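Feature list (source: Swiss-Prot):
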type	residues	note
REGION	1-65	region 'Disordered'
REGION	2-123	region 'Interaction with DCTN1'
MOD_RES	SER2	N-acetylserine
MOD_RES	SER50	phosphoserine
REGION	96-123	region 'Disordered'
COMPBIAS	96-107	compositional bias 'Low complexity'
MOD_RES	SER100	phosphoserine
MOD_RES	SER107	phosphoserine
MOD_RES	SER111	phosphoserine
REGION	145-161	region 'Interaction with DYNLT1'
REGION	167-219	region 'Disordered'
MOD_RES	SER177	phosphoserine
MOD_RES	SER195	phosphoserine
MOD_RES	SER633	phosphoserine
Amino acid sequence: MSDKSDLKAELERKKQRLAQIREEKKRKEEERKKKEADMQQKKEPVPDDSDLDRKRRETEALLQSIGISPEPPLVQPLHFLTWDTCYFHYLVPTPMSPSSKSVSTPSEAGSQDDLGPLTRTLQWDTDPSVLQLQSDSELGRRLNKLGVSKVTQVDFLPREVVSYSKETQTPLATHQSEEDEEDEEMVEPKVGHDSELENQDKKQETKEAPPRELTEEEKQQILHSEEFLIFFDRTIRVIERALAEDSDIFFDYSGRELEEKDGDVQAGANLSFNRQFYDEHWSKHRVVTCMDWSLQYPELMVASYSNNEDAPHEPDGVALVWNMKFKKTTPEYVFHCQSSVMSVCFARFHPNLVVGGTYSGQIVLWDNRSHRRTPVQRTPLSAAAHTHPVYCVNVVGTQNAHNLITVSTDGKMCSWSLDMLSTPQESMELVYNKSKPVAVTGMAFPTGDVNNFVVGSEEGTVYTACRHGSKAGIGEVFEGHQGPVTGINCHMAVGPIDFSHLFVTSSFDWTVKLWTTKHNKPLYSFEDNADYVYDVMWSPVHPALFACVDGMGRLDLWNLNSDTEVPTASVAIEGAYALNRVRWAQGGKEVAVGDSEGRIWIYDVGELAVPHNDEWTRFARTLVEIRANRADSEEEGAVELAA
């Protein structure tokens with residue numbers, strides 16, 4: 001510790017000494033500059049000489065301009081001429097003949113002995129004011145009359161010549177004391193630091209001028225410009241992702257390929273809660289009416305909501321796009337319209353479009369490439385389109401030939417082109433027995449079929465229907481439910497055995513029923529629920545697995561290969577709010593449910609959703625057993641009826 005303290009004290013003393021040296025050096029420099037300024041002020045220019053030089057230069061320039069080379073000057077400067085007490089700087093001769101070339105003084109005679117016969121001597125006349133020049137080279141002696149000029153002594157500092165080359169440069173000689181030399185040696189290590197400080201000062205001086213302050217009018221113009229709104233809408237989503245997690249927040253949903261997830265989300269056969277989607281502003285006091293997952297971006301899900309009675313000034317219909325990939329708590333996109341959205345789906349083959357069916361009967365189309373939250377297209381409220389609530393919207397077909405199919409509760413089915421929603425391409429009245437319109441509450445197309453479909457009605461009856469052909473309209477009738485059909489879904493898993501003829505329905509009669517289009521009676525009735533069953537859906541990857549939700553907030557998963565009496569897995573949400581909708585994710589590993597409070601619950605299914613190689617054959621045997629049991633029960637019923 002003592003060594004460190006001594007070292008610090010020594011450093012402090014050196015710093016103080018350096019500061020004193022700098023101050024002393026600065027003071028001496030200021031005194032030297034002051035003396036030089038005083039000497040410059042005492043100096044006076046020679047008006048005669050300067051005027052003469054100026055005239056000589058003008059004459060030489062004039063002669064050179066007309067092509068005549070000027071002769072050497074007839075007057076040569078003399079350094080000093082001492083004769084008793086006389087001092088001469090210049091000898092100004094009277095006009096002489098052009099043969100005279102130069103003059104010299106006795107003081108310079110010694111240095112000019114080697115100049116040959118052209119040297120001249122200076123002699124005094126009887127008149128002290130006249131000087132005679134005599135040339136040894138001339139044959140005759142000729143006298144030149146000279147005049148005496150006023151002499152003023154001036155000392156000029158020599159001009160400093162700086163040449164930029166690799167040779168060593170030496171400044172003008174300056175007298176320095178030994179103390180100054182020691183000071184410079186002590187300060188020398190700090191030269192680099194001082195140069196850095198000087199560079200920093202220069203950089204600060206050369207900084208750009210501060211930007212001009214915008215006026216309020218210019219600020220408002222920028223805030224309301226379309227470019228700013230598009231930039232702000234895009235940037236705020238990126239910032240929300242960055243605040244939520246450290247994933248690839250710059251992923252763009254406008255056309256880049258999806259990065260597939262690796263590995264299973266959850267191992268095990270039980271349902272585990274993953275996350276919840278809820279927005280305090282847009283979800284509060286609204287009921288989840290429909291949900292759909294995107295085919296192009298499997299992590300995106302859209303949900304539609306009914307009106308909020310506590311906020312009459314808010315839009316009645318809302319559709320929110322949620323993102324499973326990022327942990328942010330706000331929706332990816334917010335869409336709304338002036339009527340409650342009863343059904344919603346992503347437009348297949350158009351990853352940027354979202355289709356919604358409203359309570360007023362309008363079909364609305366949103367585009368996430370537009371910065372507007374309102375629909376970019378909508379159908380008219382006219383007799384040619386829907387005038388009743390639309391609970392069914394679906395895009396069917398192929399990439400090059402597809403249509404939007406919508407059905408309203410008055411039994412009217414319309415086919416639309418997504419490029420033009422002003423008028424439907426075709427429409428059909430779903431009427432039973434040519435007089436009774438079908439109040440459709442649900443619609444489903446079998447996998448790979450765009451012509452035949454099944455619908456559920458408010459009366460509890462299920463119908464098959466056809467879009468084209470001689471049997472267009474309502475076909476078969478399936479009776480079995482004792483209440484309105486709330487959900488209907490066709491078998492979706494594709495495998496070695498085709499089960500596309502199967503479909504399931506849910507109803508207010510607390511049951512879920514399994515059907516086949518080959519028979520108008522239910523194959524099986526699942527009666528484990530104690531409240532309204534609001535929705536049902538097959539797993540997209542497992543042939544024997546489906547999910548259903550009821551009014552008690554319970555989510556049930558049924559694996560028919562394991563058991564047909566009780567659910568394989570079941571979970572009740574917190575608060576026991578009624579669950580209105582259920583939707584499987586495209587990979588079949590997650591299932592989403594929406595409740596009556598506007599919340600969406602995401603559950604991981606785990607290995608329960610992963611099918612084994614023998615699942616299709618096992619499910620075929622299960623169906624055979626179900627048919628056999630149904631046949632036995634029908635025979636027993638017939639015997640009892642006969643008895």
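Cβ from N, Cα, C; glycine included.
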PLDDT averaged over every residue in the region 'Interaction with DYNLT1' (145-161): 69
Let's check the environment of SER633 (phosphoserine): how many other CB atoms sit within 10 Å of its CB? 10
Residues in the region 'Disordered' (1-65) per DSSP class, helix first, strand next, coil last, are 60 helix, 0 strand, 5 coil
